[in-house]
Amino acid sequence: MYFAQLAVNGLVQGLVISLAAMSITLVFGIVRFPNAATGDVMTVGAFSGLVVYPMTGSLLASGIFAVIVTAAVALISHLLVFRRLAGRSVVALLVASIGVGFVLRSIMGLVFGHQPMVFSMPLSRPYRIGGLAINPLDLQLALLAAVMLALAFAVLHLTPIGRQMRAVADNPSLARVSGIRSGRVLAALWVLAGAIAGAGGVMLGVKTVVNPEMGWDMLMPAFAAAIFGGIGSPAGALLAGLILGVVQEMSTPFVGFTYKIALSFAIMLVVLLRRPTGLLGRIEGVR
Amino acid sequence: MNRTRREFLAGTAGAMALPLFAGSVFAQSGGSLRIGALNPVTGAGGPYGEGMQKMILAAAEAINAAGGAAGSKIEIFAEDTQTDPQAAVLAAKKLIEVNKVEAVLGTWSSGISLAVIPLTNDAGKILMHTSGAPALSVPPANEKGLGYRFQATNDRFGRAFAEIAEKEGFKRPATMAFNNASGIGNTEGFKKAWTAKGGEVVSEVVYEPKQASYRSELMQILAAQPDVIVTGSYVGDTTIILREWYQTGQPVKWIIPGWAANSDLVAALGADVVEGIISVDSISNEKAPSFAAYDKAYQAAMGKPGTDNVYAAMTWDMMTVLALAVEAAGSTDMAKVNEKMRDVANPEGTKVYTFAEGKEALKSGPINYEGASSVLDFDEHGDVTPDFSASFVEDGKINRRYVVKI
């Protein structure tokens, strides 16, 4: 039962990592660079939610507003920065994304200050289900994440623009000669990636404290999950994030709390050694 | 053109390795004694850093208004540690090598002071800090005696925690420590003092920073049925821990250091959650005229009472006592200044409370600067021993109940 409880604790943490990793993996799959501004876009989401929450008192409304803001921020970063660097080396784009992250973080520092802020939610006692303590707030957050994930997968797999995105991810040149307009596809991609990061940011903000550095601190596990899941695979990122979250918590009776993070990275290492493409990644063609 | 996973990994590694330099310099011109103000303006120390930096500037202004120290005007170069050792080291390097400062003032959090002190030692410069780690007292960190601590050591904090736990009649304490020199220093200091009193610590956890949840850590601690949990923690992680604890519904008391159990914590969690928490802090020398001078400057700069920020009182004292030592040495050579530090701060001598008073009194004999942060008497390690306050959170207010001397 103790382990089941640890697994439940880990699942909710894993969802946050999953959302961040999905945003990273989507951008990498199509624009082909690790977007280091993802964490700071999450922070933008958390602050946006924080602004709206006291006005509405609704987690859903805060989440929707945050997702709209971060989608816009991601789109603007694409239009102002990343689109102009298209075709440059991956390092140029990476450094540019670090710069975008800096700018976002500094703006938030200026506007909101560095005091830790919180969503002042009414605190509630957990539900007891067969000895498992499940927090009502965690359930709400998991629901929010599920809605966001369902939307993301629906866009990717059920809409024409999603099909086009996947086509561009698969083979940009072939996609272009097939008449796919890459400008529209890229804009849609950034909106989607921003929205997912924003949802993750709100979740993280509600669970922890909101400050301008919170998203940047998430970047490491998020990158790890993106690699672990197989770069470019949204479903892999989701799975990997959940696994990292759960394994970290389940390992604590054996390795203690100090080494739980190291252990989850060790597991990632083993998986990558056995399966270099990650959980759900494909072997990329070499030309 | 497909890019490979290898490129992604290389890029990611690059991102992590890239030094995160930020921060600002607002240099003033025309001075000749260059001082670095290296404070946690952003990051976990953010609630304190701005006030700390402004008080170094304000104290320097007061010194310059009194004609400067040993004929030199003070010139401040300000940097942000981001409460991150890597950023702090870069900033300290820049202060020492580019700005050629003679002393670095006001580092906060032990990890940062421990990272910066080798640089100041190598350059033969003075480091004045507000960190608690016991390692900062002794070699190798303080082998040259150039490090001065304006805060109580974590060991002293731990002793104060144990005094208070005994006074409050707790029998089954457990500890939770943030995994750094300061957090562990607090709980280890507590454990040492508590077991010396014949007590037993029922459970201990050291937890990692920057986690989204500490529920599993709490599960382990609460399973031991403690009557009080003593922490070495910061405000961000304490917020998460207390929220998750409250949701478990298991009654327990808390003893938390003042830099974590402050008004920000109360505002973040609401009065119900924090009711009855004992906040332990070193206290400023609040009845001294030096505190009144500091308080006035703090109000002017920050619009809040000076009691809000014990670290700002410390940085105010840093600048003042350093300038007095410069004045006493009659030189800005740090080797000579360092010899004068205890002469101007410790008894015997005329008690003085501001730089202007001290400068005047030095003409006729030795002085003893009584600081705003404590009476400021340095022991052989450059440490001070302030008093501690035990404050209780009642109806969302942090009320001081009594003072503990160790």
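One is the number of the first residue shown, and numbering goes on along the chain from there.
Backbone N, Cα and C define each Cβ position, glycine as well.
The transmembrane segment annotation in TrEMBL covers A:6-29 (among others).
Look at TrEMBL and you will find A:59-82 (among others) tagged as transmembrane segment.
Feature annotation from TrEMBL assigns transmembrane segment to A:89-112 (among others).
Nonlocal intrachain contacts for the transmembrane segment (A:132-156), taken as residues 6+ away from its ends with a CB within less than 8 angstroms of a stretch CB, comprise 1, 4-5, 8, 11-12, 15-16, 18-19, 22, 59-60, 63, 67, 121, 124, 126, 162, 165-166, 188, 192, 195-196, 199-200, 202-203, 206-207, 234-235, 238. The transmembrane segment annotation in TrEMBL covers A:132-156 (among others).
What TrEMBL lists as transmembrane segment is A:185-206 (among others).
The feature transmembrane segment is assigned by TrEMBL to A:218-247 (among others). Sequence-remote contacts of a segment are chain residues at least 6 beyond its ends whose Cβ falls under 8 Å from one of its Cβ atoms, and for the transmembrane segment (A:218-247) they are 7, 10-26, 28-29, 34, 36, 38-39, 42, 149, 152-153, 156, 169, 200, 204, 261, 263-265, 267-268, 271-272, 277-282.
If you look up TrEMBL, you'll see A:254-273 (among others) marked as transmembrane segment.
Below 8 A, the CB atoms of the transmembrane segment (A:89-112) and the transmembrane segment (A:59-82) form 3+ pairs separated by six or more positions in the chain. In terms of C-beta pairs under 8 Å, the stretch of A:6-29, A:59-82, A:254-273 lying closest in packing to the transmembrane segment (A:185-206) is A:59-82.
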